[in-house]
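Worksheet: one structure, shown below.
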Amino acid sequence: MVSMMKPSSDRKMNPIRNLLGLGYWVQGFRCFPWMAVNFFLKDGLKVDPSTLQILQNSANLPMVGKPLYGVISDAVYVSGQHRIPYIAVGAVLQAVSWLAIAIFSKSNISIFTMTIYLLLSNLGASIVEVANDAIVAEMGKQLTTSSKNSQSSSGELQSYVWMASSAGGILGNLLGGLAIDRFSPKSMFLFFGFLVALQFFITIAVRESSFNLPKTPNVGIRKQLSELSAALRKAEIAYSVTWFAASYTVIPALTGTMFFYQTEHLKIQSSVLGISKVFGQAAMLLWGVIYNRYLKSVSPRRLISAIQASMAVFMISDVLFVRGIYRGMGVPDSLYVVVFSGLLEVMFFFKILPFSVLIAQLCPPGCEGSVMAFVMSALALSLIVSGYLGVALVSYTGVTGDDFSKFPIDLLIQAVSTIIPLYWSYLIPDGVKCKSRRKEE
């Protein structure tokens with residue numbers, strides 16, 4: 001009897017897995033045009049490290065509006081659907097922005113117009129992510145409550161989409177590293193524009209009714225905002241989100257400066273940077289597999305704290321790298337960039353998987369999209385503030401595109417800042433509290 005019912009459950013999940021797999025894969029593949037953006041800004045528009053990092057972080061401002069997109073997605077139905085239409089709209093916005101950058105002549109592209117197009121692209125991406133995250137949260141809760149083994153099923157769908165995104169990132173970075181030396185950035189923008197246009201046509205061909213999503217009443221935006229506010233006032237959610245956001249905010253991001261250090265000072269080839277990012281995305285994929293198989297039962301507090309501490313260790317390693325310690329030991333700069341830099345770059349996001357599973361379990365029914373969107377919005381705002389702090393730090397210490405003598409000091413400050421949130425890790429619920437919460441529900 002059980003064996004006869006299992007295939008039926010799998011068939012119900014197939015349409016969801018297919019759409020989510022495509023959506024998260026495309027979002028992971030976004031690193032392909034963004035690699036071209038970095039080189040286009042540096043070589044084409046001749047921006048300095050601080051300006052590059054400001055543009056990188058400012059382009060993420062639409063991500064801060066995710067709670068609004070989540071509330072609208074939860075409350076406003078379009079033709080009886082409240083997820084598929086938003087995925088389609090987001091895909092269109094991305095296609096328009098990337099195709100516009102690719103088609104317009106270089107003389108018509110300035111830093112201002114480039115910023116506008118990148119903002120439009122990230123607006124579309126954020127809308128897609130909100131809708132996809134809401135589907136994952138809804139189905140994750142449904143699987144948890146309907147499965148006898150809720151411990152194994154609670155993070156299964158989250159792990160699946162995590163791996164889909166990582167797979168897209170692996171291919172995007174691999175192709176990006178190879179293409180940047182063979183094709184112009186505009187060609188890469190054009191290719192991705194056509195890809196998200198294809199995603200749009202595939203999405204509109206799917207009916208949301210085939211997903212068998214949990215039915216929630218259409219309560220309107222005002223009611224949805226009220227429910228979101230009530231959810232965020234719950235101590236478990238409020239404390240967790242506060243710590244999660246603060247754990248990123250206090251770390252001054254130095255990605256733009258490190259990019260210039262590797263490409264201008266060390267003369268690392270773009271193909272090596274591409275391989276480095278592929279290595280990082282492969283680590284993300286492996287992390288999803290390891291978490292799904294072995295770590296779902298580990299206390300979220302212990303797991304997230306361990307990731308935070310590991311980030312600090314890798315940052316201290318970066319200090320040794322910039323000081324030339326590894327070079328003196330015979331380790332090539334390119335090898336360090338591929339392995340350690342690639343791993344540290346994605347380690348920033350390792351916390352998202354266990355934290356998203358935790359929030360999905362704590363999230364009240366009916367406002368999954370709003371709560372998950374708020375979490376991602378808080379993350380986006382934290383990363384933006386982190387980027388601005390990094391710009392302020394390198395400006396204060398006098399690090400420029402030609403002078404990296406004080407860069408090790410910046411990296412050491414970054415490592416110390418990463419350790420600070422560990423003193424407040426008690427704000428994250430542990431496994432016992434999560435279980436008690438599920439029993440109460």
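Glycine is treated like the rest: Cβ placed from N, Cα and C.
From a predicted model like this one, the values you see are computed outputs, not experimental measurements.
Copied from TrEMBL, the annotated features are:
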TRANSMEM  21-41  transmembrane segment
TRANSMEM  84-104  transmembrane segment
TRANSMEM  116-137  transmembrane segment
TRANSMEM  157-176  transmembrane segment
TRANSMEM  188-206  transmembrane segment
TRANSMEM  272-291  transmembrane segment
TRANSMEM  303-322  transmembrane segment
TRANSMEM  334-359  transmembrane segment
TRANSMEM  371-399  transmembrane segment
TRANSMEM  411-428  transmembrane segment
When each of 21-41, 84-104, 334-359, 411-428 is checked against the transmembrane segment (157-176) for Cβ pairs under 8 Å, which one has the most? 21-41
Contact check, the transmembrane segment (371-399) vs the transmembrane segment (116-137), 3+ Cβ pairs under 8 Å, seq sep 6+: yes
Look over the recorded stretches 21-41, 188-206, 303-322, 334-359 and say which has the most C-beta pairs under 8 A to the transmembrane segment (116-137). 21-41
Considering the transmembrane segment (21-41), which listed stretch of 84-104, 188-206, 303-322, 334-359, 411-428 counts the most C-beta pairs under 8 Å: 188-206
Distal contacts, the transmembrane segment (188-206) - CB-CB under 8 A, six or more residues away: 15, 19, 22-23, 26, 29-30, 32-33, 35-36, 84, 87-88, 91-92, 94-95, 97-99, 101-103, 124, 176, 179-180
